[in-house]
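As given in TrEMBL:
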DOMAIN    A:180-375  domain 'ABC transmembrane type-1'
TRANSMEM  A:47-68  transmembrane segment
TRANSMEM  A:75-102  transmembrane segment
TRANSMEM  A:108-128  transmembrane segment
TRANSMEM  A:140-160  transmembrane segment
TRANSMEM  A:180-204  transmembrane segment
TRANSMEM  A:216-241  transmembrane segment
TRANSMEM  A:247-271  transmembrane segment
TRANSMEM  A:326-350  transmembrane segment
TRANSMEM  A:356-378  transmembrane segment
Amino acid sequence: MGETRQSPNWVLSSLMLAATAAWLTLDAVSVAPNRIVPGTPYAALEVVGGWPALLMAVPMLAVVVLAWRPNRKGLTLSLGVVMALLALLPLWLAAATAVLVTPDMPQARVGIGSALWLLLFLLLLVLIELRTRLGMSRALGWLLLVPMLLGWWLALSLWLEPLALLREYHARSDQFASAVQQHLALVGAAVGASLVVASLLVLAMRRHTGVRRVGFGVLNFLQTIPSLALFGLLLAPLAWLGARVDWLAALGVSGIGWAPAFLALLGYSLLPMVRNIFVALEEVDPAVIESARGMGMARRQVFLQVRLPLALPVVLEGVRITTVQAIGLTAVAALIGAGGLGTFIFQGLGQAAMDMVLLGALPIIGLALVADALIGALSERLRPGGAA
Amino acid sequence: MIELFDVTKRFGDETAVDGISLRVEKGELCALVGTSGCGKSTTLRMINRLIEHDGGEIHLDGQPVRSFDEVALRRRIGYVIQSTGLFPHWTVARNIGLVPRLLKWPKGKVRDRVEELMQLLGLPVAEFADKYPRQLSGGQAQRVGVARALAADPDILLMDEPFGALDPITRATLQDELRVLQARLHKTVVFVTHDMDEALALADRLVVMHQGRIVQQGSPVELLREPANPFVESLLGGMDRGLKEAALIQVSEHMLPLGPRLLASERIPYGASLSQALSVMLWHRVDRLTVVDEEDIPIGELSLRRLLGAKVP
């Protein structure tokens, strides 16, 4: 009774309708004979007579219908449909590539059009909605992505050689690997250093109210400086230091490069880190602290055995926010020669090569999502009395 | 034995505790009662030095508390608070074993003691040892709190509104359990509460506080019979005082042996209080009750006349 009387799931149906509309009307792929010439766009319906595209639209509309009276069975069926669609998408792209790129175009480049991006994006949103409705755990949610990833892996390694993104990658795969490495090194160093500095700062803040006021003031101010301006501000003093102090110069400290990037990232990371650690430690239930003291725990014991472990999940939340923020900010660091994935973005912008921009941007998004998920899962595990 | 001599505590300009002198004998349960902000909690927390007193002296067994290391002092005093203060990231067993572990007891001894206490407090070991505090009901959590306070077998127990956050039924159950426990363990207990019925039911001695001072102290009956001023009288329930006093007396103390007359139709267990007996009489509009034992066998009778003549021994 309760299940049949469910009201329509508007989120699901509107997302799916939008996805279908985008898929059937917008440009799905573009084909250019080489890197210079702009590509010819094709809608999904223009590829191989359009029947594969229509065939894919049918189950999408089925999900819209199922969303009208959502019950567990219908939602599970929808989930299967969406996962299948996500896995089919790269295969469709491979098929389209095979048809559209003729052997007389050895330099041809296939670009992914707005229809495909939108479909991918909307289907992922639908997946999240379904996961929530079906009450699946986070870990299970990640497993739902496996068919899609397998599909892309298969298509990319076998059939999608003309894909512009892949061509850009193959043209500079060494550079790509080292860019990812630089990116991660910068983020890791900045987040690690800010964790250490922030912890020390918070300890001082907890002891002296004066430090607390000044500390938060300075950090808030730092956060308001635009990132490019901060790089600019650091340029002069670091160049000066690099020129005067030999061992700093030997480390590679100069007005541009990793040093200002690291310092700026550190500066930006400090506020969220300090705020989270501070709040985490302060907000531990006072009754718990009171009873810890009343039981005869010494100050150190109260801190190490009670306050710190109870604060840890919130501290990790700070690390998560800071890491995601730093992964994004590091892109800008490419402008001052610190390397990283931002290099591709700015080079691509300079050459008006959108696929090269994507080569930088997509991995940054991927890294941010993975970092977010991993640290989030860790903090979940550390919740007090977590193993229910 | 706990003694307070002219103890004072100020927070800034405000005097929270104003020259209190008090003596809690060994094995006595002393209830500090009063409205919120009267200084009763502050007084309690000065005993284990969670708050340091400004003036006067506090002695444990004749020694000033200041002469002890504060951490060592607290480890020999049990402490129970209203919100239990259980560590949410520790299991029940680990929570209870806290003080013995702080005192560096050997592992096996800690484990045995924890199990002993869980049994004492009616918490089956197999079911509760590995639970986390958030999986417990309010009453269970407070039992764990009491077990934790008793873990290292302290002579002194400080309880700060321990049952204040519980529903009335659970509260009554835990009060009964505490009474039974105290009859067995004879700890020196200082018990803070704003619930006068709780204080009357549990305390050997009542200390009424108001605005940082002791207004009156004595046994529950003494206070009921001769409240020092209108404040104490209203705290004790004003016109309800008669019932409250009757609640302190058991039916068995005043019943008469079964006489030649017919048994009265309404019955009352011999462990009930006189106020309950009165209530039964009122309800059934009778002036005589048959007193029965646990097996519902008549062992005596109680008349209204007898009840009215009852005095606290």
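Along the chain as shown, residues are numbered 1 onward.
Cβ from N, Cα, C; glycine included.
Keep in mind the model is a prediction, meaning the values are calculated, not measured.
With a cut-off of 8 Å between Cβ atoms, the residues of this chain six or more beyond the transmembrane segment (A:47-68) that come close are 8-10, 12-13, 16-17, 19-20, 23-24, 28-29, 74-75, 77-78, 81-82, 84-85, 88, 92, 95-96, 99-100, 126. Between the transmembrane segment (A:75-102) and the transmembrane segment (A:356-378) there are fewer than 3 Cβ pairs closer than 8 Å, counting only pairs 6 or more residues apart in sequence, which means the two stretches are not in contact. Listed by sequence, the residues of this chain that lie at least six past the ends of the transmembrane segment (A:356-378) yet keep a Cβ under 8 A from its Cβ atoms are 138-139, 142, 165, 168-169, 176, 179-180, 183-184, 316, 319-320, 323-324, 327-328, 331, 341-345, 347-349. Taking Cβ pairs closer than 8 Å, the transmembrane segment (A:140-160) reaches residues 79, 83-84, 86-91, 93-94, 97-98, 110, 127-128, 131, 166, 373 in its own chain, all 6 or more past its ends. Here the transmembrane segment (A:326-350) does not touch the transmembrane segment (A:108-128). Their Cβ atoms form fewer than 3 pairs under 8 Å, with each pair 6 or more residues apart. Residues 12, 15-16, 18-19, 22-35, 39, 41-44, 63, 78-79, 82-83, 85-86, 89, 93, 96-97, 100-102, 141, 144-145, 160, 162-165, 167, 354-355 of the same chain, all 6+ positions outside the transmembrane segment (A:108-128), place their C-beta atoms under 8 angstroms from a C-beta of that stretch.
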